[in-house]
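**Q** Below you will find the structure I want to go over with you.
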């Protein structure tokens, strides 16, 4: 495939408007070392004149909502990968080719494409520090074009990259707003504990590869054949269905296993990555999330068993069972990371052996849906390199019907070609390099950390796939060059949390709510005092048992038992009032806040949605924040009042019954606090030391087992065992020390606790002899102090709920109190008997509130008389949609007037004038209702004839 490409221009494309300058943290998946690489694809479009210009302008607009992509990666002082949102931009290359796309068959033969001509060359001035996104648009003589895309895998997976390109496509087609608002939300994926700094590990030995000349192929499987095999599987399984990916993966895995002819007892492995967005449920990932969210699925079987399968249907079943276990494995991995830090075992680095096959699904990521104004791409070409890790790719063939299976050839393979069927080989992704924070993010001390040279094992990486399918990719990624960032940044890079005062949570309570809260408070106080009062009855009971005459004992105990019945009745009524009243008022007030928030949101002008909020935030606040607010002003308040009443009541009774004994018991509390704190601190340090030791030992095992052929060839088995045992010595010592410390600490706490009981009983005995205390009074004091102390500790969760509710209420209450410049609920203004429909824009100056520095109109004037059919024609970004927005009064001009029938639009009642204007969007939106209801949406009392 011979043709020439001339690169015309190379430049950074920055966001078209101001963007936040801050540092954003990445999720636990984003920070995986295996993802510190670039993924590359080609996008072939049959038509698109001036594509480079349109793309460049659309990219600059898309980088405003997707501003993190215009930043750079770097490593913080906490040894974590973060994004510096610098706004520097992405790398854009404009090029031209000397042939037509038809002459190269639209790059249908993916294996013969000269990728280096169509992919962007990184900027020379970056000194090896590349932008996160690099794009080359190559225009062909037929007016078709090819986009060569290189994107950083640490920022987004395949679904996220496709979402960004679709956003670029919407802006290229003239959209003013995106259909999907991008959401960062990387904190919704639980982040692990920070990994302790550690020196660079030693270079692992090379991966053993058989002496094979590896085959390659591109195979298109028709949709009819796929349906036929699926139907056969349905009959075999008794009605169960399978996906295209499961079927093709099973066939390929079995055929490859037959071809490589490994020993029957040898374990062969199939690995693919599955999209896990649907598994993040507490809270769920919002629509618009474009980060990495996938997890490896591994299927293992003995080679002999796999080859002996008469059909692939049992293999399909095995793959389905592995996918069914994904939710449990993903949750377990997240929990292990939270407990053990990033030094825990990494499932994203499966054994890289020749018997392992990686399969990647690219056809369902969304790249095929991107449209820059000239239609969707002819096809997408995933780009692979020349490593020898077996990888196959499933994608859509040109035309999008069926499945294309692609495998790659090892360029430097040696030896004699063997009878191998189609199976694929790993691809090499460019290493991503990181840099220190630039000038917009100053630090008091910036120090560049140069890592020592190292060779890293080939690692698996993925462009994830849709919910019902799965995908994988292999990579041989170099270690990222990193740099330090001082933790002391300007204050404007940190977002300080704000919260409303606690009493303002109840700002929307009505008279019924106030009555419920008063009754609930009285019930909570009564319920809380029931335990301290019970201690008095226990004291009376002990004194009753001390009666010398049997007849008197029965009478006294009966009186105490009757008092317990009275206390039970009072406690039951109080508990009912506490829980019922506080839960009811919490639900009432939360529902009122939800309704007010939605009404306020719908009342706002369009500028509010441009600058201050988005769809994901509104939904998140209504579904998530209101739950936190309800929790903070509902049953938790009653519980807190109850516990507070128990604490106060317990100590008041204790001091009344025996203040000297109470003071003696309180003297042991400082010792308990000190011993518990010391134990926690020591155990934390020892546990960390033990984890580090086991991590070092695990490295020895990983390197040995992963390179067992190399170890065996040098007869290094004994040395490997010796190295492992040597590594375990430190772990053993740490475990022994931790056991001694844990036992000593826990023993000390229990010793002090029971000594305090002994002290209380001994001192109580002295009080009986010297102060005339009774046994019941001594027991009353001891139980009252214990009850009061325990209730105070149980109040901590309530305080946490209050803090969360106060923080959640801040933004919602701020929005509820906001008065818009263009009020949709304002009933003031003119209402005319009829309207002619003369439209005039007179000397209008306007810029969007979200981009005040980009002037759209400067003295623009336009007149359209009534009864005229007019069309606004212009290039993308010329202001066509802006004219409609001004006529609908979504915005007001900065200067000038918008007139209808010679009357300034501001003088009309907003609801009335909008009801006189019909608007059909470029992409019509249908609500969940009938077609009739959608047509009548603009008029509340529309008749059937209308």
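Glycine residues also receive a Cβ, built from the backbone N, Cα and C atoms like all the rest.
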**Q** Using TrEMBL as the reference, determine which range in 476-497, 542-563, 564-585, 586-607 is annotated transmembrane segment.
**A** 564-585
**Q** Name the residue range among 442-463, 618-639, 662-683, 684-705 that TrEMBL annotates as transmembrane segment.
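**A** Of 442-463, 618-639, 662-683, 684-705, TrEMBL gives transmembrane segment for 662-683.
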**Q** Of the ranges 335-362, 363-390, 391-418, 783-810, which one does TrEMBL flag as transmembrane segment?
**A** 783-810
**Q** Out of 302-322, 722-742, 743-763, 827-847, which range is noted as transmembrane segment by TrEMBL?
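**A** Based on what TrEMBL states, transmembrane segment spans 743-763.
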**Q** May I ask for the residues of the chain that lie six or more residues beyond the transmembrane segment (783-810) and have a Cβ under 8 Å from a Cβ within it?
**A** 497-502, 504-505, 528, 531-532, 535, 538, 621, 624-626, 628-633, 636-637, 639-640, 643-644, 646-651, 653-654, 657, 662, 665-666, 669
**Q** Cβ under 8 Å, sequence separation of at least 6 from the ends of the transmembrane segment (640-656): give me the contacting residues as numbers and ranges.
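**A** Here the qualifying positions are 521, 524-529, 531-533, 535-536, 578, 662, 665, 780-781, 784-785, 787-789, 791-792, 794-795, 798-799, 802.
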**Q** Should anything in the same chain at least six residues away from the transmembrane segment (743-763) have a Cβ under 8 Å from its Cβ atoms, list it; otherwise answer none.
**A** 660-661, 664-665, 668, 671-672, 675-676, 678-679, 682-683, 778, 781-782
**Q** Taking residues 6+ outside the transmembrane segment (564-585), which of them lie with a CB under 8 Å of any CB in it?
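**A** Here the qualifying positions are 509, 512-513, 516-517, 519-520, 522-527, 530, 533-534, 537, 633-635, 637-638, 641-642.
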